[in-house]
Amino acid sequence: MVETTPTSHTFQVDLRGLVDLLSHHLYSSPKVYVRELLQNAVDAITARAQIEPGFDPGAREVAIVTDGKRLRITDPGVGLTLAEVHKLLATIGGSSKRDEEIEGARRDFLGQFGIGLLACFTVASVITVTSRSAKDPAAPVVRWAARDDGSYTVTEVPLAEHPEPGTTVELVARRGEDWLQPKRVADLAREYGSLLPVRITVSDGGTPIDISDTPPMWEREHPNPTARRLALNTYCEQVLGFPPLDVIDLDVPLAGIKGVAFVLPHATSPSTRPAHRVHLKRMLLTDTADNLVPEWAFFVRCVIDTDALRPTASRESLYDDEALAVARDAIGAQVREWISRLAAEDPTRLEAFLAVHELGVKALARHDLDLLAAMLPWLRFETTAGHTNLPDFARAYQPVYLASSVDEYRQVAQIAAAQGIGVVNGGYTYDAELVQALPRLDPQVKVEALQPGVISASLDPVDTGTELALRSFLNAARARLDAVDVDVVVREFNPVSVPALLLDDRESRRERQRAEAEAEADDLWGGILASIKQHAPRAQLVLNHRNPTVRRIAGIGDPQLAGTAVESLYGQALLMSHRPLRSADTALLNRSFMNLLEHITRD
Ligand SMILES: Nc1ncnc2c1ncn2[C@@H]1O[C@H](COP(=O)(O)OP(=O)(O)OP(=O)(O)O)[C@@H](O)[C@H]1O
């Protein structure tokens, strides 16, 4: 029926659906139930300390007892009155931890959403909370018993059931569920709660085991820095599974962060998802946080505690807000400071670090000129003067030529080195950007892109007499290589051992690729490719007249054989340049090779 006048309604909630949603779908694993129980116990103790002068949480204990089927956790916290049970436990979303009047103290609590207790339904079919309030000594002991179908009862029970203020939560395991097994519970309590500022014990009915391990390793007193470093190394191996290359202390008061960044002992790709271990007010939030440090610092894994960053509702990751962005920058700054300090004070350690993480540092230095200046003496680049650092290289060679790809570099490196031309291989990740940043550090340094003209200008022309004598050989050679769109010239250059050099620029290479695609394409596509044809300069095969083989080839009387020899020189120069072979090149190489074989095996 459609109502003509608006009437007000409230949402109807199917409790079973809601319980199922919150308990089964919010968290990635049922194991979080231990964290939720510990969290409530610690929050209750914190709340009691706020109302009861002299109450010392550090001297108190949270006790877990489990036989695998029933688990009981008892805390000496603030407890609950009957009214609070109705308001807080029986109201989904009800939480005492964001009340207006204690807003100032809210940051002291771990919980805030009012849904945590429901996580226990992932492992339990019944949750019973028995509580005596510390606020009101006359308040009766209250028992709230809830089932996973969304129903609950509240009763008053005799004082003897809970003589001390505080709360006991009891879980009854679901049939076939083994999450309440004593060993498992102890492991989970240790994983989540070993740093909590309250003593926590777990027992299977026998002697309780104390799982607390406080203060955090980075805050402990040590006799000297070496002892501290050794203790942190061992800690890193235990919790993160690797012996760190180095340890960086983190302290970001703005985000209430204290902790350590461990430097990975092995190289890792920047694209690997980092996994940092984050504690929130000493409770483990996650060991897979991936948004805590800037991307460039991919060589560290952090273990931190924060009391200011916000958790997501599942409390399994950090909420990516402005505060986290500020924290991330501050952590980045501290990692950067550590690198600069090593550069200034401990070059041997820096070299050990770079042997593993040079790529990460190069990535980092692109965004930070100060760091680049500090690191440049230690960063190695492939150059025509060998593997060296850029400041030394720039002092010896001006301008600094930058080859934009590994292939381009390989093609000219040998010749450039012999001519005294300084070329840096810019083909490796980040190297080109770093070389281009050089003039910003030192305006005297000139960096230029390497063009083929730079190399060809340094190749000496042969004298006119020789040129004339070579004319018919050159004509035959040009006619042969016309098929692959390559021109042939003769020059004199060092090293003598290089017979031929193939020079071209990116445009002519692109044009060759286009022409090849056109040749292989069907009519329509071929027509489109033909319409974008460019008249790029052709590639040049430069023969070295100083090379004895080239001289002999130029003197061969038989034009067929001379042509085959030129094709072989082209093939060799092409292979040296590491360029992909086009089908015309492959055919030419095959042909010249077969012709040579035929020639030497002829009677
Ligand atoms: N051990 C306890 N002692 C006293 N009060 C408790 C205890 N456990 C739960 N409560 C009360 O029940 C309320 C609801 O608990 P619940 O775990 O569902 O949510 P929360 O802790 O407030 O928030 P979150 O969902 O973030 O954990 C709490 O705010 C608290 O007032």
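The backbone N, Cα and C atoms fix where each Cβ goes, and this holds for glycine too.
Bear in mind that TrEMBL entries carry predicted annotations, made automatically and left uncurated.
TrEMBL annotations:
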type	residues	note
BINDING	Glu36, Asn40, Asp75, Thr167	ATP binding site
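All protein chains included, Thr167 (ATP binding site) registers 23 other Cβ atoms within 10 Å of its own Cβ. Summarising the environment of Asn40 (ATP binding site), the number of other Cβ atoms within 10 Å of its Cβ, over all protein chains shown, is 24. Apart from the site residues Glu36, Asn40, Asp75, Thr167, the chain places the Cβ of Leu37, Leu38, Gln39, Ala41, Val42, Asp43, Ala44, Ile73, Gly77, Leu117, Val169 no farther than 8 Å from the centroid of the site's Cβ atoms, the recorded ATP location. When each of the binding-site residues Glu36, Asp75 is scored by how many other Cβ atoms sit within 10 Å of its Cβ, Glu36 comes out lowest.
Among the record's ATP binders, Glu36, Asn40, Asp75, Thr167, no two C-alpha atoms are more than 14 Å apart, and one pair sits at exactly that spread.
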